[in-house]
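Copied from Swiss-Prot, the annotated features are:
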ACT_SITE  Glu288  active site, charge relay system
ACT_SITE  Asp292  active site, charge relay system
ACT_SITE  Ser504  active site, charge relay system
BINDING   Asp546, Ile547, Gly579, Asp581  Ca(2+) binding site
DOMAIN    212-600  domain 'Peptidase S53'
SIGNAL    1-22  signal peptide
Amino acid sequence: MVSFTLRAIGACLIGLPALITAAPTSHVSNDFHVVEQLNGVPQGWVQEGSPAPSTQMKFKLALVQGKTAEFEQRVMDISNPKHADYGKFMSREELDAFLQPSSQVKDSVFNWLASEGISKRSVKANTDWLTFTTSIATAEKLFNTRFYTFKNTADGSQIIRTLKYSVAASAAPYVQMVQPTTKFSAPRPELSSVFTSDLEITSSANVDCNVTITPDCIRELYKMGNTFAKKDPRNRLGISGYLEQYARLDDFSTFIDMFVPSLKGTTFDFKSIEGAKNEQNSSLDSVEASLDVDYAIGLSGALSTYYGTAGRGKLIPDLDQPNITENNNEPYIEQLFYLLDLPDSELPAVLSTSYGENEQSVPPTYSSVVCSLFGRLGARGVSVIFSSGDTGVGSACQSNDGKNTTKFNPIFPAACPFVTSVGGTRQINPEVAIHFSSGGFSERFARPWYQELDVRHYLGHELEKGKWDGMYNPYGRGFPDVAAQSYKFATRDHGKTIGVSGTSASAPLFAGVVSILNSIRLAHNKPRMGFLNPWLYTIGRSGFTDIVHGGSDGCTGTDMYSHLPTPYVPGASWNATKGWDPVTGLGTPNFEKLSKLVLI
């Protein structure tokens, strides 16, 4: 996996200083209240200097949401097949009205911004979010802080951040978060580069599916037959693209000709978010993008869109240049804003994302806010699917609270309760859990009701009593939810056929399956599936093959990305067991069964 700067960023995930997230009223200093604070520069970054005061930077401010509990219950009701409101998704307008903050909240924050010269006219208001661009000089006064340029020691990339920010006392009760400020970490594609290699195959003929995976292997293993999704604008398949990864049309076309000739002529749209480019002739690595489109579309045949979101490229030397703001985006937030602003008719039905990062490396408020935004997509009928990660029980394996406690590391957003997390398997006859499949238990998000019985059974009956006590949170959201093949997928990239491994393969594979299931439901005048998890853990569970062999590993003593020394935990693993487990979830899809269950 690599960072949003296209290089390994594991160094910044080890020993990241503790993030102290306080309620806005917890700290007071000269009429300012501290919102968020780091206790030092995160490991893997060095402070370089100060940006020019005139440097422009775009900020997104999250207002305190007064209806969080009500909204979360609404999402669960809409997604629960046993509830009367199942499938009654909210429109863009209904969601906006439901979450709209009071005039008092907005006025208080607008008045504070205006006091520093940021007029209401220059602020874009979007439900409970405000977006504005201002100079570093103004931002430093506004947030009572100093911004600095920080360089990543692994790849040389630079970002502008601060270690602490505050808001005026008059606005403090109404401000939940402002970014980009304290978030240094960056998501990575969930690819295991160790298993990337050239392949000498030109079609699915005579392929040993125990050695190499092709679309035909998946169709046979998961009993998909020759079923594809109808090209229906109500069932658009969305694929997330970051890191200047460009999905190349010529590679995709060749892949389809080689492995899915029945879909000859199939293509996908490209949508640019925050100025993302669509470089079809780039020499940069695009393995992740290729893998995603090859298998999500190659399996489903669905009407598809690749959503490219501009990442944080290297800063140019002259920080006065106007495009400096492009290098400080928070890609998840940018993508979520774009999608949630789409009319209902343009929103994807399924969104597949193969990126993640250590949960503890993300500021707590940031992870909470972003997870809630994924919930908003669910409320509007979008199935949000994430790869679980490629670090097994963990790679850094220590806390970032200053104590350096040895522990397993859950992955974000895979551990967000509003997304469907997909772990990895390999082999057929039998299919087994793959060693790098990330899983475990969130330290931020409580275990949701839909998986309570399954996770409680695992902890009480399948996990040896006392095993790994203190290494994980037994009350946290368990992940992954399901699993799929993840080893040596035949993929086309830059004119070559290569074998690629990782849960980056599992997520688009499962997204393709969900797209076909949506198509079946729509053909029977039923709504699309939306947020999947309540259905998966109830009606859908009998449509999965339980994986009971294999397990994950991790905590090997060397970080797999930075190669720095880390705690060694002998035998660290989650085993695949009967029922749900934190390496393969409920198991792998049996399409033949699922296609019937979705009509119940």
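Backbone N, Cα and C atoms are what each Cβ position is placed from, and that goes for glycine too.
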Which of Glu288, Asp292, Asp546, Asp581, the listed recorded positions, has fewest other Cβ atoms within 10 Å: Asp546
Neighbour tally for Ile547 (Ca(2+) binding site), based on other Cβ positions within 10 Å of its Cβ: 27
Of the active-site residues listed as Glu288, Asp292, Ser504, the one whose CA lies nearest the CA of Gly579 (Ca(2+) binding site): Ser504
Chain-mates of Asp546, Ile547, Gly579, Asp581 with C-beta within 8 Å of site centroid, Ca(2+): Val548, Ala576, Thr577, Lys578, Trp580, Thr584, Gly585, Leu586, Gly587
Alpha-carbon spacing, Ile547 (Ca(2+) binding site) to Asp292 (active site, charge relay system), which is rounded to whole Å: 24
Neighbouring recorded positions, C-alpha within 10 angstroms of Ser504 (active site, charge relay system) - of Glu288, Asp292, Asp546: Glu288, Asp292
Mapped DSSP class for Gly579 (Ca(2+) binding site), helix or strand or coil: coil
Rounded Cα separation (Å) that holds between Asp546 (Ca(2+) binding site) and Asp292 (active site, charge relay system): 25
Rounded to the nearest Å - Cα separation of Asp292 (active site, charge relay system) and Asp581 (Ca(2+) binding site): 25
For Gly579 (Ca(2+) binding site), the number of other Cβ atoms found within 10 Å of its own Cβ: 17
Where Asp546 (Ca(2+) binding site) falls in three-state DSSP terms: coil
